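Visitor: Annotations for this protein, taken from TrEMBL, read as follows:
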- 21-43: transmembrane segment (TRANSMEM)
- 63-85: transmembrane segment (TRANSMEM)
- 105-125: transmembrane segment (TRANSMEM)
- 131-148: transmembrane segment (TRANSMEM)
- 169-202: transmembrane segment (TRANSMEM)
- 277-296: transmembrane segment (TRANSMEM)
- 303-326: transmembrane segment (TRANSMEM)
- 346-367: transmembrane segment (TRANSMEM)
- 374-393: transmembrane segment (TRANSMEM)
Amino acid sequence: MHDFFLLRRQRHQKKMMKYMRYVLNDHFVLVCLFLVGGLAFYYSNLLKALPSDFPWSLPIVGGVWWLILPFGKLATLVEPADMTFLLPKEKEMGGYLSRGLRHSLGFPFVIELLICGALLPLVVLAKQVSFINFFFYLLMLWGLKIGNLRIQRLACYQKTNEQTQRLSILWFITSGAIIFISLYGAAWIGTILAIAAVFGFFTVTKENDRLLDWSKMIDQENARLHRIYQFINLFTDVPEIEAKVRRRKYLDGLLSRISFKHENTYLYLFARGALRGAEFGGLFFRLLIVGGVLLFSLNDFRFIVGVSLLFIYLIGFQMIPLYSQFDYISATQLYPVSNKLKRASLQQLMAILLFAAAIIFTLCSLVQLSIVESLVLLVLLLIEIGLFAWFYLPTRIKKMED
């Protein structure tokens, strides 16, 4: 089963790497760098402004560490056919699940490493501890996460629902207690307690010749993969995610304004594809919400302008594939509508959607900016929309047609 799991993992990683080429594109990396840089700048200024006797440093750190611990599910990589074909190997599946547990540690460990490192200055501010304590805190978090995954591993077996529920509650309470003991006491005490807790959870989560709950295990793995595919689907089409069309009756007033004319053929299709389709409509609204929330949290005019310009570009860029969305329909190939009208329809729709986004971003900026600064922001966004819709977009469409 060792080689079998390695084969499954290799196939899974190969598939994920194929999708990562689309996720980690230049635009997404640019957004991440911009956001991380902005957050780091504000965080450093916040640390400088906080007094040395700030009473909420340790509660904030402890609360964040406590809340991130459940993040990360057990990756079993099982498939529906395993219920039939691996049933004769059920006694060997314990080793398979243990390898899955080790495989599942990577991503949560990295997240905990980054968050632990980011929040360490708050601990130093409150306690004036040395840097060596960082490793004690990190080992404590890693140990507690191992205990959590052991409980998830036990949940793969039959007749363990009540036991795993009780253990999950016990683990969560124990983890919180250990975290705050380490913060308000000595860091090494928290590490020792976490190691003791891991051994305790290892003891109480032994399967003891139980039979696997194949249906539950497969459903949990499918749910885990579905969440990953939903994220990837923000950037590219994923066959595992079925696109859905939503009625969205509240948009009828807007869509009914498109007259039934020959030149509006593609505008009719594009508008409904953008607003009612799960792929483009969901993407538009998600980027709009994320951008608006960021603008609410920023108070520097330069950062607000940068974030607004960036999200207008991202919304427009992610909507470009709408141009070929209906090419698979034979009627669009047979109906006598020129590509010139098709391009003009997408440009018109893009300008309308981006203008709506610009208005919303401008209104969000009024929370932190003056009216004059918000008007300047709106003018800059309108200039960007004009450049995008009538210069950049035609260039991209020409490349798609070639």
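Using N, Cα and C of the backbone, Cβ positions are placed for all residues, glycine too.
Quantities reported herein were computed from a predicted structural model and do not represent experimental measurements.
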Visitor: So what's near the transmembrane segment (346-367) in sequence-distant terms, Cβ-Cβ under 8 Å and 6+ beyond its ends?
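Guide: Contacts with the transmembrane segment (346-367): 266-267, 270-271, 274, 284, 288, 291-292, 295-296, 304, 308, 311-312, 315-316, 319, 322-323, 373-375, 377-378, 381-382, 385-386, 388-390, 393-394, 397.
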Visitor: Would you kindly list the residues that approach the transmembrane segment (303-326) from elsewhere in its chain, counting only those six or more residues past its ends and only Cβ-Cβ distances under 8 Å?
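Guide: Answer is 27, 30-31, 34, 38, 235, 266, 269-270, 273-274, 277, 280, 283-284, 287-288, 290-291, 294-295, 332, 342-343, 346, 349-350, 353-354, 357-358, 361-362, 365, 368-369, 377, 380-381, 384-385, 388-389, 392-393, 396-397, 400.
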Visitor: Are there residues at least 6 beyond the ends of the transmembrane segment (169-202) whose Cβ is under 8 Å from a Cβ of it, and what are they?
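Guide: Non-local partners: 58, 61-62, 65-66, 69-70, 123, 127, 129, 133, 136-137, 139-141, 143-144, 146-148, 150-151.
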